[in-house]
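Here is the structure we will look at.
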Amino acid sequence: MTEIDQETTDMPPAAGQVDLPRIERAVREILEAIGEDPDREGLADTPKRVAKAYAEFFSGLHQDPADLLSTTFDIGHDELVLVKDIAFYSTCEHHLVPFHGSAHIGYIPGAAGKVTGLSKLARLVELYARRPQVQERLTTQIVDALMKYLEPRGAIVVVECEHMCMSMRGVRKPGAKTVTSAVRGQLREPATRAEAMSLILGK
Ligand SMILES: Nc1nc2c(ncn2[C@@H]2O[C@H](COP(=O)(O)OP(=O)(O)OP(=O)(O)O)[C@@H](O)[C@H]2O)c(=O)[nH]1
Ligand SMILES: [Zn+2]
């Protein structure tokens, strides 16, 4: 059980703990409900494994973007910074199955000149991906965190994903890609936005 300080974070409410034994009990219950024998050899350790996996899949609930983005530096760069093709896995909050793809993140540093380490942008994607999610919220949470902590002139986030809930079940359309974008500040201006989009989409 991991406790966190909710006061100082902008994490969702009730995100304070992962109760591994409770997940184990629930997984055992699901195995029985689908007509399996949770005590057969191959499944004996499965509830434990799933509990550990879930703690990992949802670890972003217990992380605060402030911890990632509060260390910034000024390197006198006031043009677009773009990191593209940040691969990630997330979990669809409707079906609890994966969706996965790439995020592309760009921002134009603001008057304060705040620039963050490039890896922090990838960590920011992980932080929001490792929660029960929908792609639209993931996209806006990333861009809003950039705006809040880096105070840039503008920011853009484009996310492209395949959703397993559309591939392996339901409508069963493997390969269908969902693209979402969120754009803030100066990057909303047509010329700047077009430049960023052409850099993102020019593979
Ligand atoms: N907008 C959005 N929809 C999503 C996302 N992930 C899954 N969905 C959709 O959420 C919807 C849930 O629809 P429901 O009708 O409540 O659930 P369902 O009966 O399982 O739907 P089907 O997938 O059509 O079988 C589905 O259309 C999913 O494709 C996402 O990230 N964003
Ligand atoms: Zn889904």
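In case you wondered, yes, glycine gets a Cβ from its N, Cα and C as well.
According to TrEMBL, the features are:
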| type | residues | note |
| --- | --- | --- |
| DOMAIN | 23-200 | domain 'GTP cyclohydrolase I' |
| BINDING | C92, H95, C165 | Zn(2+) binding site |
What is the average pLDDT across the domain 'GTP cyclohydrolase I' (23-200)? 96
Hey, for the Zn(2+) site built from C92, H95, C165, who else sits with CB inside 8 A of the CB center? T91, E93, H94, L96, V97, F99, H163, M164, M166, R169
What is the one among the binding-site residues C92, C165 whose Cβ has the most other Cβ atoms less than or equal to 10 Å away? C92
Quick check: in three-state DSSP terms, what is C165 (Zn(2+) binding site)? helix
Residues with Cβ closer than 8 Å to the Cβ of H95 (Zn(2+) binding site), same chain and 6+ apart in sequence? M164, C165, R169
